[in-house]
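Working notes, structure below.
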Amino acid sequence: MFTVFLLVVLATTVGSFTLDRASDGRDAAANDKASDLIALTARRDPCCYHPTCNMSNPQICG
């Protein structure tokens, strides 16, 4: 009975470790998208933060 218990614990640990490693790839992809969005926001023209300038220059601010 103790052997069965050890096998269950081992299987659970291995399964958990494998699933955690798989989620690391998804987390990395999400982090890349977030950093791209931050970089895009940081590159915006300062004019875009002023409502008057923003409305006068839609080609710059989108």
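Placement of Cβ uses the backbone N, Cα and C atoms for every residue, glycine included.
For Cys53 (disulfide bond), the count of additional Cβ atoms within 10 Å of its Cβ stands at 14 [all protein chains shown]. The disulfide bond feature in Swiss-Prot is assigned to Cys47-Cys53 (among others).
According to Swiss-Prot, the feature disulfide bond maps to Cys48-Cys61 (among others), an assignment based on experimental evidence. Applying an 8 A CB threshold to same-chain residues 6+ apart, the list for Cys61 (disulfide bond) reads Arg44, Asp45, Cys47, Cys48, Asn54. Secondary structure from DSSP puts Cys61 (disulfide bond) in a helix.
Summarising the annotation, Swiss-Prot assigns 4-hydroxyproline to Pro46. Sequence-distant neighbours of Pro46 (4-hydroxyproline) (same chain, 6+ residues apart, CB-CB distance under 8 A): none.
If you look up Swiss-Prot, you'll see Cys61 marked as cysteine amide, on the strength of experimental evidence.
The signal peptide annotation in Swiss-Prot covers 1-16 and is backed by sequence analysis.
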Cβ neighbour count within 10 Å of Cys47 (disulfide bond): 13
Packing count at Cys48 (disulfide bond) (other Cβ atoms within 10 Å of its Cβ): 15
